[in-house]
Each structure stands twice: as C-alpha cells, then as structure tokens.
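Encoded as structure tokens, the structure appears first; notes follow it.
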Amino acid sequence: MYKYKVIMTGGGTAGHVTPNLALVPALKENGFEVKYIGSKDGIEKEIIKNNNIPYFQISSGKLRRYFDLKNFSDPFKVLKGIKDANKILKKEKPDVVFSKGGFVAVPVVIAAHLRKIPVVAHESDMTPGLANKLSAPFCSKLCVTFRESLKYIKDNKGVLTGSPIRTEILNGSKEKGLEICNFNKSKEVILIMGGSLGSKIINDEIRGNLELLLKDFNIIHICGKGNLDNNLLDKVGYKQFEYVSEELPDLMSAADYIISRAGANSIFEFLALRKPMLLIPLSKKASRGDQILNANSFKNEGYALVLNEEELINSTLYNKILELKSNKKNIINAMNNMNGKNSIDLIIEVILKSIKEY
C-alpha cells in the first residue's frame, strides 16, 4: 500500500528525464506511487515507458528564445497542455508534483498550482532554464545543483541538493564494456558523448582526428540518432553507437577519459565515477550559455579541462586530449577531495517536507 503519490514531469531532452529516473527507486522505498506526465512525441515517452512507469501525454508547445512563426501558435498548445494536465491531476490526485523542467513541464506545474498541489522542481544547470523560470512562481521549492544558483532563486525557495545520480550508472562493469566494444586492454579508452541528440561538430572533429587518436586510444563514440558513419563500422578500436541505454554504465566504466558536452546531469555522473573529462560546452550561439558556466565551474574545481567550440580545430582537439591524459592523476585527486552529500536523499527530504507543509 502506497503512502503517497507523485506525478513527475520533464522532457524535451534526456537531461530532463534521467534525473527523474534516478529518484524513482528512492521514492518507491519511501512509499511513493510514481506516475509521469510528458509530451506526445518527446524523448521522455520512450525512456519512461521502457522503465515501466505509467505515462500520461499532454499537448505542449516549445519555449523558444528566438523568433519563429510557431511562437504564435505554441501558446495555444501550452493552454491545451494546462487543460490536459488539469484533467489528469484531477483524476490521479497526487500528493506532490516533481518537475525536472523542459517545455512539457510548464503546463503541468501551472495545473498543479491551480489544483493546490505542491510542486518541487529541480534545476541542473547553474542558471535556471526558461521552463524553470516560468515555473518558479508556482513551485514550493526549487532544488539546485550548484551553490552559485541560489542567488537566482527568489522568495527563499532555493535548496542546494546537488544532482541525483542514477544508481545503475555507478554499477557498470569495465570488462563488459570492453567486451561490448570488442576492445583489448592494451590501450586506454576515450568515451565521446555529444548529448542525447548528438553533436555534428564533435562527431566531425573526432572522425577527422580518428587515425591519430587510434594510435594511442580505443574510442567509444555515442554520436546521436542518424549520425553513424557506415564507412567506419568495421574500424578496429572504434565503436560507434547512435544512442545507448542499458549499456551506458558498462561503457562509462570502460572509459578512462570522457569527451562530452557540459550538461549538468552528465558531468555530475562523470564526477561520481571519477572520470577525467574534456568538456566542449554548447556555444552561446546555440544555447543560453548554461553549459559554458557548468564547464568553467568544473574547470575551476580541477575536475575537467574545457575546450570551447570556437577552438575546436584538429590540432587543438588532439593536443587537449593529450593534456587531459597528462593531467589524469591530478584531476582524479581533485575529484577524490570533493565533499558531497547524497543528492537523492536531500531531494526526497524536500519532497516529503513540501507535502507536510503545504
């Protein structure tokens, strides 16, 4: 018998979904029944259903910071999304809503507020994303990953919890990861991740440097859907994937180094695994600059090296990887000196407290 019911929401990219999954086992241990509201065709639908969590879909418009003709029609989708979410919440009667952000979350948060249901949100990046900015007035508490984020949260709603780490990420097998890729143990392994949607510029630069890199390293390349290079399918020492789910813990365990974008959820997982990382944040041209702030924070802590997209030319990339290799010991030492509490436990505490105080 469940004590509580939580409806989770968040979507658009994997980064708005995987932290929710990290919380699910602990929520269930604390007596929560867990259900999910997402969009009709977002990445969250497949991820959540694959984890056997009841899923409700709503209409949702995209939140854009740039001009697009769809900006005129999407507000009506958001209004319909509020109506859809309200209908679901009326039927399900959750004790609390937990939001991880993304454009699908806004209608759910507003509907929960209208129904007087407490809302706890979580922001992974240093500065709140647009969805969480819009949601903040309707939230009881907004959990943050970086201490620097608290200054952006009004009305004493901010709580420093850190980023929830999926338990399965910590339990990967190095041997299994090497076996999946058919790698021998004679070379160190670099894992390249361009985010859940892939990154053309990172893909192109890695492949442009491939012959040089394969002299010293084996390469695992998660390149994004539709981005496989058929000419390299049989390349010895190079294993490419469009997207991985179940194999990810083993592939991460097999890696000695990680080259990645700088989304907060991912880099905190790398930190938990003590993996030296070269971060290539999304440029300000393609984002609001949050990944640049995340990456520089990790650089200042000694956890990572940073290479901006503008510097991403062949010689610079290869030299930066060699610099990462030479700094491996120092980076791991900095990571081992980190003081961190269990983020999942802290977030569960905030959720339970919000239910009792609302």
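Glycine too: its Cβ is placed from the backbone N, Cα and C atoms.
If you look up Swiss-Prot, you'll see T13, A14, G15, R166, S196, Q291 marked as UDP-N-acetyl-alpha-D-glucosamine binding site, on the strength of sequence analysis. Annotation for R166 (UDP-N-acetyl-alpha-D-glucosamine binding site): same-chain Cβ neighbours under 8 Å, separated by at least 6 residues, are T18, L21, A22, E269.
Considering other CB atoms within 10 Å as the measure, the emptiest surroundings among the binding-site residues T13, Q291 are those of T13.
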